[in-house]
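Everything below concerns the one structure shown next.
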Amino acid sequence: MADVSQRTQQAVDTAMAGAAEMSRYGRRLLNMLWDPEPTNDRSLNRPVWCLGCSYTNEPTTVDRPDQDASSTVRATLPTTPSTTTLPYPLKAVPTTPPESSSSSFSSSLAYDELLEDAGWPIAFLDDFESRVWMTYRSEFEPISKSNDPRASAALSFAMRLRTLADQGGFSSDTGWGCMIRSGQSLLANTLVICQLGRDWRRGKAARQEREILARFADDPRAPYSLHNFVRHGAVACGKFPGEWFGPSATARCIQALANSNESSLRVYSTGDLPDVYEDSFMAVAKPDGETFHPTLILVGTRLGIDKINQVYWEALTATLQMPQSVGIAGGRPSASHYFIGAQRSGDAYEPGSYLFYLDPHCTRPALPFHEDVDQYTSDDINTCHTRRLRRLHVRDMDPSMLIGFLIKDEDDWDMWKDSVKYVQGKTIINVADHDPARGMPAEREAAIDEVETLKGEFV
């Protein structure tokens, strides 16, 4: 009787899991069927940000001396988008200016007369397209399934059905690899900025770009392949092949793989807490106490229960406006995105901002691994970039996420500390001098010894 009851409960649990899964896929199908590309209302002239750079359609006005040098001519350069980065030292993270109080007839025309760029600054689109976009892939060397009896229960309902039909392992990560792909995107763009510079755009340094992308090929020989993320996830994070990764597991994989394969980049991870400790950070960035190595900070955090608490909206948006930003991996439950841009909402009655993201939920053939990167075709490289904009209002984001920052030197570190401290709303990252887990600094211990000695003298 107990066995019957247990089987009944298991059947009910499976049915409920299946219903929830079908509901989620139904919403995703609806989004795919109705997913118009966002447009930009030029009349509001709201800045749009991409990893610390701001773009507008506002005409640029320059001062230049007239030929007789007796007056100044103000020359307007129409349709030239401006690109700026945040100043140093940063005492407050700039936010986009407030919206106009209401829409106008001219603003409605901006949507009726759509241009090829949909109203977005061309420089912003070029920047967005130059960011590396990692997506689901198929037809790669199969990743073996786990023989652990707990593995099946860890998989989603859809993946359990798929494994029943296919006993040969996972030759595609569709349905389970989106957080890994978001993490790959974050790491790949960090390497691009480190090695090619923040101003790099598609069409420049093509061979160096191929060398970076080859490290993310869908092959065990590539250091940052899906295969190696899954392998380390199984060893260090208790994640089974085919199981969805969370921000914490993704951060641990990035840290381990990068520290093993990159001599020019270090990784500092906060784990599941938003606390950054300067002594621990410097131990990673300056292991010899002298030479500072560019260091990727990964902050794992949760900013609410089901949705992001509104008190964190401004601070979260501000992270994408910081020059050190390399994006956010997160999004929706079991449906991660890679966020790289932001723009304040154009509705005067709607607070908050829209965040622009690269969506990994698009399955393409596996990116091959080539020792000779000149063998990569243009089609191979094109699958790692997109000009198609997608955005999500901050209120609709999942509160669990992984936030990345690239600190290039000590000046960058000082600037970043100010950036995360002086934000509107409630701060989401805490910076402290000493990590309690590292024990008390030697000078602090000596000071306490002195106090104890003095105390003994007065007894």
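Using the three backbone atoms N, Cα and C, a Cβ is placed for every residue, glycine included.
Annotated active site, nucleophile per Swiss-Prot: CYS178, in sequence order. Positions annotated as active site by Swiss-Prot: ASP359, HIS361. Per Swiss-Prot, the feature compositional bias 'Low complexity' maps to 77-90. Positions annotated as region 'Disordered' by Swiss-Prot: 77-104.
When the Cα atoms are compared, CYS178 (active site, nucleophile) and HIS361 (active site) turn out to be 7 Å apart. A 10 Å cutoff on Cβ-Cβ distances gives HIS361 (active site) a total of 18 other Cβ atoms nearby, all chains included. When secondary structure is read from DSSP and collapsed to three states, HIS361 (active site) falls in the coil class. Sparsest Cβ environment among the active-site residues CYS178, ASP359 (other Cβ atoms counted within 10 Å): ASP359.
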